[in-house]
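K.L.:
Below are the features listed in TrEMBL for this protein:
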- A:THR85, A:THR86, A:GLU105, A:PHE106, A:ASP130, A:ALA131, A:ASP150, A:VAL151, A:ALA152, A:GLN153: S-adenosyl-L-methionine binding site (BINDING)
Amino acid sequence: MTDFLKPYSDGVYEGRMRGKFQLYTKNAAPGSIVYGEKIMTDDDGTEYRSWDPKRSKLGALYQKKIRVPLTSGSRVLYLGAANGTTVSHVSDILAESSGVVYAVEFSERPMRDLVMLAEKRNNIIPIFSDATRPELYFPMVEPVDVIFQDVAQANQAAIACKNAAYFLKEGGHLILSIKARSVDVAKNPKKVFAEEIKTLEKNADASFKILKTIDLAPFHVDHMGVIAVKNSKE
Amino acid sequence: MSDSEKSKNFSAWFGSVTYGGDFSLSEKPLISTSSELSDQLISTLSSSQNIRLISSLKPVFKEEKPDYRALAKEAGLADTDAEYVSTLREIAIQTARKQLSASMTEDKKVIQAVEALDDLNETINHLTERLTEWYSAYYPELDLPGEAYVRFVSEIPESASQSLMGAPATHEDLLLLQSFADDILSLYERKAAVESFIEMKMKETAPNLSQLAGVVLGARLLSMAGGLKHLAAMPSGSIQVMGAEKAMVKHLRSNAPSPKHGTIFSHPILNTAPFRLRGKIARSFAAAVSLSARTDYYSGTFNPKIESDLNTKINRIKQASSQKEVKE
């Protein structure tokens, strides 16, 4: 450990940058950066990458001091991986133990970046598929402890429930970022959030107990972070 | 166990799995290199039968989940958990690479070309404007439209000496202007090449859409929708207002009027139509565009009836409106 960083959460460290609170993860691919983040190196040469909450919903959740149910040993299904900005930090966290992240992305351009990221990191399984149809990638994904979802789709809660039915273990956690503008551009975000929460609590595929909801402003506008735990069988 | 719950098989990356109360390995792969396994995985992932089987097992998966690591170990593909991850990762990377390289379909090529065309147009206009501004200091009387102006400067820049108003031009000045014009001319040539590429590809991959909307508008619609598949899946109402998203959102949020047309307005059938009929015609035209895209995607054969039906419909709209005016 260093004198400028201290543990914040499993696999996440806190320090300061230009006098301000800043989160870091230990670089699992030393010598390379992913999206222009700053690197700090301690005395024995270990690299720590700064985590920008404005570029990452998960980063914003950590920054807001939410207890995020992600541990270094987790098996994670990551829906909406994009070009791997957040996935790289998840990979850093998981690399401290033996966790693995299944990263699903549907769009070609970001997928190319994601594959290149997976080549540098040994705990990312890249999957080029449609997160709304878990049956398509079921042959590749084992049961997981955590589903993280950040997709710009209309029925975000329903997609999470469907994936949970196939992959999420009993008592597993869901970390969800809901983008109100993707559900309905015209509706009041508050209404949208309430409806999506209702879907999570009561759905034929899977039901959740909501542990925490939080507005991701000022890092992300009209986004809500949700942390939930899958209800066990009745 | 009832008949409907009798054992079922599905394929995963490490082999076939049977469910009959619990999950067991029913078939090991006969191959072992990651390249072979990824080829097999690609066919497994695209097998509609396998997808159906998995969907039908959803009620089972909700209750209990297969232990892939144990099954893969049994299949001989991994001895340890770490090996499970490293083997699967290697296969997944190869699978994604192959899928990505196969994803550059003909319609995606058209999209790249039409976006390049937009960039070329923008650059050409910009540079032509600059050249006109610059050369006019020496030859203000010269009045030619865009490309002809550039060609003139490229071919006979010394004509500037005829000017009564212009500044005297040295040989050096003209030499620089001439090479600048040469560069712009080569962009005009590149633009023509890109256009003919788009035309060729569009007629090949989207004959109906090209015929109805024209090659460039058709290509632009493909680009906005993200491909022929997406355009075919789009409701015609969305096609109608595609490119007018800002007005559409404003309409949905407040009581602003809905946009009648987006990008499709650049088609002469719309921009020459009487103002009051444009909404109706836009609706019919968008419906025909949607039908063309679907015909192109699903059958690929040319159907002249789409265009003739549209013309009949538009004539009816125009007739109905003129009768109404007579009555009034």
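Placed from the backbone N, Cα and C atoms, the Cβ positions cover glycine too.
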K.L.:
Where does A:ALA152 (S-adenosyl-L-methionine binding site) sit in DSSP terms: helix, strand, or coil?
P.N.:
coil
K.L.:
Just checking a number: largest C-alpha distance across A:THR85, A:THR86, A:GLU105, A:PHE106, A:ASP130, A:ALA131, A:ASP150, A:VAL151, A:ALA152, A:GLN153 for the S-adenosyl-L-methionine site, rounded to a whole Å.
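P.N.:
Between the outermost Cα atoms of A:THR85, A:THR86, A:GLU105, A:PHE106, A:ASP130, A:ALA131, A:ASP150, A:VAL151, A:ALA152, A:GLN153, the distance is 19 Å.
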K.L.:
Helix, strand or coil at A:ASP130 (S-adenosyl-L-methionine binding site), per DSSP?
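P.N.:
Looking at the DSSP assignment, A:ASP130 (S-adenosyl-L-methionine binding site) belongs to neither helix nor strand, so coil.
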K.L.:
Below 8 Å Cβ to Cβ and six or more residues apart, same chain only. Which residues does that give for A:GLU105 (S-adenosyl-L-methionine binding site)?
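P.N.:
Sequence-distant Cβ neighbours: A:GLY80, A:ALA81, A:ALA82, A:MET111, A:LEU114, A:PRO126, A:ILE127, A:PHE128.
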K.L.:
If you count the C-beta atoms lying within 10 Å of each candidate's C-beta, which of the binding-site residues A:ASP130, A:ASP150 ends up with the smallest number?
P.N.:
A:ASP130
K.L.:
Using DSSP with the three-state reduction, classify A:GLU105 (S-adenosyl-L-methionine binding site) as helix, strand or coil.
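P.N.:
Where A:GLU105 (S-adenosyl-L-methionine binding site) sits, the three-state DSSP reduction gives strand.
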K.L.:
Taking the Cβ of A:THR85 (S-adenosyl-L-methionine binding site) as the centre, count every other Cβ atom within 10 Å, in any protein chain shown.
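P.N.:
For A:THR85 (S-adenosyl-L-methionine binding site), the count of other Cβ atoms within 10 Å is 21.
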K.L.:
Under 8 Å between C-beta atoms and at least six apart in sequence, can you list the same-chain neighbours of A:ALA152 (S-adenosyl-L-methionine binding site), or say none if there are none?
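P.N.:
In sequence order, the residues whose Cβ lies under 8 Å from that of A:ALA152 (S-adenosyl-L-methionine binding site) (at least 6 apart) are A:GLY80, A:LYS179, A:SER182.
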K.L.:
Please classify the secondary structure at A:THR85 (S-adenosyl-L-methionine binding site) using three-state DSSP.
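P.N.:
In three-state terms, A:THR85 (S-adenosyl-L-methionine binding site) counts as helix.
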